[in-house]
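Worksheet: the structure to be examined is printed underneath.
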Amino acid sequence: MPHSDELDAGDVLAVENLNIAFMQEQQKIAAVRNLSFSLQRGETLAIVGESGSGKSVTALALMRLLEQAGGLVQCDKMLLQRRSREVIELSEQSAAQMRHVRGADMAMIFQEPMTSLNPVFTVGEQIAESIRLHQNASREEAMVEAKRMLDQVRIPEAQTILSRYPHQLSGGMRQRVMIAMALSCRPAVLIADEPTTALDVTIQAQILQLIKVLQKEMSMGVIFITHDMGVVAEIADRVLVMYQGEAVETGSVEQIFHAPQHPYTRALLAAVPQLGAMKGLDYPRRFPLISLEHPAKQEPPIEQKTVVDGEPVLRVRNLVTRFPLRSGLLNRVTREVHAVEKVSFDLWPGETLSLVGESGSGKSTTGRALLRLVESQGGEIIFNGQRIDTLSPGKLQALRRDIQFIFQDPYASLDPRQTIGDSILEPLRVHGLLPGKEAAARVAWLLERVGLLPEHAWRYPHEFSGGQRQRICIARALALNPKVIIADEAVSALDVSIRGQIINLLLDLQRDFGIAYLFISHDMAVVERISHRVAVMYLGQIVEIGPRRAVFENPQHPYTRKLLAAVPVAEPSRQRPQRVLLSDDLPSNIHLRGEEVAAVSLQCVGPGHYVAQPQSEYAFMRR
C-alpha cells in the first residue's frame with residue numbers, strides 16, 4: 001500500500017521506533033531500542049558505535065534479513081521510496097516482494113566480501129544474476145552490464161576479472177566487486193556495513209572516494225556503518241551515535257565532531273588514535289579507554305626504556321620467499337610471485353618493530369616465513385645466534401616455544417570444538433612443560449593476565465566477543481613465555497575501545513616480560529602509538545626503516561608519504577587534496593621463473609634511518 005504522504009520532502013528512507021530483540025535461553029534480549037532516523041536522497045548518514053551497539057542488526061532489519069536469524073523486529077514506521085518514487089512500508093512486504101526490493105531499490109555492502117561472495121561462481125555470474133533478476137535482462141546483456149559496472153568501480157582488465165573466482169582476487173578487488181554488485185541496479189539506498197574496516201589505508205581511501213563519486217552520479221542515499229571516526233569525518237553529512245542499542249546523539253558531522261553533547265560521543269572521539277599525536281615523544285603510549293563515567297583521557301607515555309641493549313634477539317638477512325604459479329597443458333611452473341625479496345632487519349629484546357604497507361606488500365609472508373610457516377628460497381633467519389632456516393622439524397618445534405604468532409582472525413585460529421582452556425593448554429602439552437594441576441593454574445593465571453576470568457576456561461570460542469577471543473589468542477601465545485611475538489593484523493578489525501584494550505595489554509606485557517614484537521599492520525595511527533621502529537614494505541622489499549619518530553615525522557620515501565597521506569583524519573573541516581582514483585591495487589610482483597628483481601639499496605639519512613636510493617627505487621617502482 002502506498003505511503004507517499006508520510007515521507008518528508010527529500011527523504012528516501014524513514015524509520016520510527018525500531019525495536020530489535022533476540023530470544024536467548026527463553027529470554028528476550030533487546031539489541032536495539034526505540035531507534036528513529038531518516039535519510040535524504042543524496043545524503044550520507046554515518047551510524048557509529050562500538051561492537052554490540054546495534055549498528056549492523058539495524059541494517060539487517062532494514063533489509064528484512066533478521067527473520068531467518070530469529071530476530072524479533074517491531075517498528076512503527078519503516079518507509080522506503082523506491083526508484084519509481086513509490087513509497088512502501090518495508091515491514092508489510094512479503095518475502096517475495098522483498099526479493100524485488102533488495103538489490104533494485106535498497107542494496108547492501110557487507111564487511112567481509114570473501115564470505116559474502118559465493119566461492120563456486122565467477123564474479124561475472126554473481127553480478128549478472130542480480131541484473132537479470134531486477135532488470136529482466138538476457139544473460140548476454142547482463143554480462144555486458146556487469147563489465148560496465150566493474151569498469152565503473154575502477155577494476156582493471158574487467159573482462160578478465162569477470163571469469164575469475166573470488167579467491168583469485170585481493171581484498172580490495174573483492175570489496176570493489178561487492179560495490180559493483182550492490183550498485184548494478186542503481187538502488188535508491190545503499191547500506192555499507194564496515195566496508196573498509198580490514199582494508200589497508202590506500203585501498204580504503206580509494207573505496208571511500210569511489211562511493212562518493214558513484215553516490216553523486218546516482219543521487220543515492222547512503223547509510224555508512226562504521227566505528228572509524230576518521231572515515232566518518234571524511235564521508236558523512238550527518239552522524240547517528242549508538243550505544244548499547246540506543247541512539248544517544250545525532251547531528252551534522254560538524255556538530256558531532258566540534259560540539260559533541262553526550263559523554264559517550266566525547267569519549268568515542270577522545271579515544272580515536274590521531275596520526276601525529278605522538279609528535280615529539282620517543283616511547284610508545286597507552287591508549288585512553290572509553291568509559292561513560294570517566295570520559296577518555298590521555299594515558300602518560302611509557303617513559304621507561306623497554307629495549308634491552310646488546311645483541312638482537314632476531315636477525316634477518318636477505319630473506320627471499322616466492323610462490324610458484326603453474327600454467328599450460330602440463331601444469332608447469334612458468335611464473336613466480338616474488339612475495340619477499342631480500343628483506344633484512346634486526347629485532348631487539350623489548351622492542352616493537354612494525355611492518356607496514358599495502359595488501360600484497362609482503363608483510364604477512366615475512367612474518368610467516370620467520371616461523372617457517374611458509375618456506376623461503378633464500379636468506380638467513382637467526383634467533384639468539386641459532387639459524388632457524390636450516391633447523392630440522394624436531395628442533396624447529398622446540399624453538400617455536402620462544403617465537404609465537406597471533407593471527408588476524410582469532411575465531412579462525414581457535415578450534416571451535418575445544419574449550420578455550422584446552423586451547424591455551426595445548427602448547428604446554430605439546431612441549432611437555434607442566435603437569436596437570438600446574439597447567440590448570442597456569443591457564444587461570446594467563447586468563448587473569450589478559451583480563452578474563454579463570455572460569456572462562458570452560459567456555460567455547462563462539463561464546464566470546466571478537467575482542468575477548470583476541471585476548472584468548474594472546475593468552476595462548478604467552479603460555480610458553482616467548483621471547484618474540486609476531487602479531488599479524490591482530491587489532492585491525494576491532495573497534496576503537498577493544499583495540500585500545502588489546503594494545504595496552506601488549507604494552508604492559510612488554511614492560512613486564514621484555515617481549516619483542518614484530519607488529520604487522522596497515523593502521524598507521526596504531527603503528528605510531530605502539531612502535532619503537534617502523535619498516536615500510538613495498539612489493540616485497542623494505543623501502544624505508546628507522547625509528548618511529550623519524551619515519552612518521554620526517555618520511556623520506558614517496559611510498560611512505562603516500563601511506564601517511566591516505567590515513568583518514570577525524571576532522572571534517574580539514575581540507576583534503578583531491579585524490580586520484582587508482583586503477584589497480586599495486587603493480588605486479590609476478591615475474592617469469594628465474595627472473596631476478598634488482599635488490600633495493602638503502603641509504604642512511606639519519607641515526608638508524610635508512611631509505612631506498614632513488615636509482616634502485618625507480619627500478620622496482622616502475623613495474
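Placement of Cβ uses the backbone N, Cα and C atoms for every residue, glycine included.
Taken verbatim from Swiss-Prot:
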{"type": "DOMAIN", "residues": "15-269", "note": "domain 'ABC transporter 1'"}
{"type": "BINDING", "residues": "49-56, 357-364", "note": "ATP binding site"}
{"type": "DOMAIN", "residues": "314-564", "note": "domain 'ABC transporter 2'"}
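Shown here: features listed in Swiss-Prot, placed on the structure.
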{"residue": "GLY49", "record": "ATP binding site", "DSSP class": "coil"}
{"residue": "LYS55", "record": "ATP binding site", "DSSP class": "helix"}
{"residue": "GLY357", "record": "ATP binding site", "DSSP class": "coil"}
{"residue": "LYS363", "record": "ATP binding site", "DSSP class": "helix"}
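Most buried of the binding-site residues SER51, SER53, SER361, judged by other Cβ atoms within 10 Å, is SER361.
Mean model confidence of the domain 'ABC transporter 2' (314-564) amounts to 88 (pLDDT, 0 to 100 scale). Between the binding-site residues GLY49, GLY357, the minimum number of other C-beta atoms within 10 Å of a residue's C-beta occurs at GLY49. Most Cβ neighbours within 10 Å, among the binding-site residues LYS55, LYS363: LYS363 holds that distinction in the structure as shown. SER359 (ATP binding site) counts 18 other C-beta atoms within 10 Å of its own C-beta, drawing on all protein chains shown.
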